[in-house]
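Enquirer: Residues annotated as domain 'Guanylate kinase-like' in TrEMBL: B:4-182. Here TrEMBL flags B:Gly11, B:Pro12, B:Ser13, B:Gly14, B:Val15, B:Gly16, B:Lys17, B:Gly18 as ATP binding site.
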There are 2 protein chains.
Amino acid sequence: MNKGLLIVLSGPSGVGKGTVCSVLRHKMPELVYSVSATTRSPRLGETDGINYFFKTREQFQELISRGAMLEYAEYVNNYYGTPRDFVEHTINSGKDIILEIEVQGALKVKETFPQGVFIFLMPPSLEVLKQRITGRGTESQEIIDSRMSIAAEEINLIRYYDYAVVNDEIEAACHRIQSIVTAEHCRKERYLASLAESMQAASEKA
Amino acid sequence: MNKGLLIVLSGPSGVGKGTVCSVLRHKMPELVYSVSATTRSPRLGETDGINYFFKTREQFQELISRGAMLEYAEYVNNYYGTPRDFVEHTINSGKDIILEIEVQGALKVKETFPQGVFIFLMPPSLEVLKQRITGRGTESQEIIDSRMSIAAEEINLIRYYDYAVVNDEIEAACHRIQSIVTAEHCRKERYLASLAESMQAASEKA
């Protein structure tokens with residue numbers, strides 16, 4: 001069986017990764033959505049085990065030390081990370097999985113899974129990004145400034161990604177991501193792998 | 001302005017390239033459709049300048065000799081080829097163009113345009129391909145046998161392509177091709193090129 005695709009959706013903080021991902025859940029129910037672990041506090045409406053696995057710093061560090069995190073990064077004084085087992089099990093079962101993670105974490109995943117599909121969600125402009133970060137209204141000015149400076153650095157990392165999807169309009173951004181997943185399934189390398197597999201199955205049957 | 005994409009749709013004779021392309025015309029009216037030149041006789045319902053530019057062998061050889069063909073190949077005793085000017089002009093004007101051409105011609109195009117998007121249309125199986133070639137009902141057994149043997153050789157050339165699209169169902173195949181075009185527009189290389197361009201435009205304005 002062909003392995004599933006590992007799709008990594010990343011981009012600067014405040015670009016709208018979470019919103020895009022929640023719309024994608026409705027449009028692409030066939031995708032498995034990886035749940036990240038984090039040490040940051042739950043925001044209003046977030047549920048443990050659905051939006052994130054919320055952990056204490058001690059719990060998180062214990063997971064790191066026994067190699068149970070595919071990637072992790074510290075970002076604005078909080079850990080974010082991806083439990084490894086779930087990702088590997090999903091791909092090996094032939095299903096596609098999507099990871100919505102921070103930029104630094106995505107580059108760590110790339111070290112382990114260079115064959116992954118790396119999508120960078122872009123704001124229409126830096127000005128729009130600032131409005132989005134400010135508009136959330138739940139953070140101090142210091143945190144906003146720090147996030148803007150980190151965001152500018154993160155955009156520089158787009159060169160390590162495969163695709164840039166501009167989040168000008170959520171429906172349009174989701175349509176682009178759906179198209180990327182469909183196109184990646186059509187890559188000739190995947191086709192040749194499945195052809196070789198079906199020929200082997202036929203010869204074993206004969 | 002970003003250049004348009006050069007999309008090459010190819011695959012073995014009888015796989016249904018023409019049918020897929022005619023459905024794509026309705027679904028993707030924004031694509032420019034390259035018209036090939038050929039020395040083969042028009043089939044029922046084909047119009048000169050729309051389906052092909054129908055040429056005599058003498059006319060076609062004259063076009064080759066003055067370098068006016070982007071690619072050409074002889075296939076079952078007929079020339080097929082792509083007028084070069086139209087393709088280059090379309091791409092440079094920022095529009096996408098799709099070429100529906102034979103497998104040998106596609107590889108020639110790749111020598112000139114390695115950055116093109118090369119899509120190989122596959123039959124669901126060789127058996128289905130044979131039915132399609134036979135079912136056309138307009139060719140002798142000798143020509144059918146020759147086409148089947150050429151088709152098998154052509155499928156080996158899939159390794160030079162970027163994508164394999166299985167033509168199991170025309171609507172599904174067209175949807176995959178649409179997705180590939182959308183995804184290729186999201187490649188980070190294109191995004192970075194347009195970003196650099198808009199920054200240059202801004203600095204020239206300043």
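Even glycines carry a Cβ here, placed using N, Cα and C.
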Enquirer: Across the whole of the domain 'Guanylate kinase-like' (B:4-182), what does the mean pLDDT come to? Round it, please.
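Expert: That stretch averages a pLDDT of 89.
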Enquirer: Would you count the other C-beta atoms found within 10 angstroms of the C-beta of B:Gly16 (ATP binding site) for me?
Expert: 18
Enquirer: Residues other than B:Gly11, B:Pro12, B:Ser13, B:Gly14, B:Val15, B:Gly16, B:Lys17, B:Gly18 within 8 Å, Cβ to Cβ centroid, of the ATP site?
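Expert: Filtered neighbour residues, in order: B:Leu121, B:Pro123, B:Leu129, B:Arg132, B:Asn167.
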Enquirer: Measuring CB to CB from B:Val15 (ATP binding site), give everything in the same chain under 8 Å that is also at least six residues away in sequence.
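Expert: Set apart from B:Val15 (ATP binding site) by at least 6 residues yet with Cβ under 8 Å, we have B:Leu121, B:Met122, B:Pro123, B:Leu129, B:Arg132, B:Ala151, B:Asn167.
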Enquirer: Looking only at Cβ atoms, how many others are within 10 Å of the one on B:Gly14 (ATP binding site)?
Expert: 22
Enquirer: Taking the Cβ of B:Lys17 (ATP binding site) as centre, how many other Cβ atoms lie within 10 Å?
Expert: 19
Enquirer: Which residues in the same chain, at least 6 apart in sequence, have a Cβ under 8 Å from the Cβ of B:Ser13 (ATP binding site)?
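Expert: Expected: B:Tyr75, B:Val76, B:Glu102, B:Ile133, B:Arg147, B:Ile150, B:Ala151, B:Glu154.
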Enquirer: Count, for each of the binding-site residues B:Gly11, B:Pro12, B:Gly18, the other C-beta atoms lying within 10 angstroms of its own C-beta, and report the residue with the smallest count.
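Expert: Comparing Cβ neighbour counts within 10 Å for the binding-site residues B:Gly11, B:Pro12, B:Gly18 gives B:Gly18.
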Enquirer: DSSP on B:Val15 (ATP binding site), three-state: which is it?
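Expert: Going by the DSSP assignment, B:Val15 (ATP binding site) belongs to neither helix nor strand, so it counts as coil.
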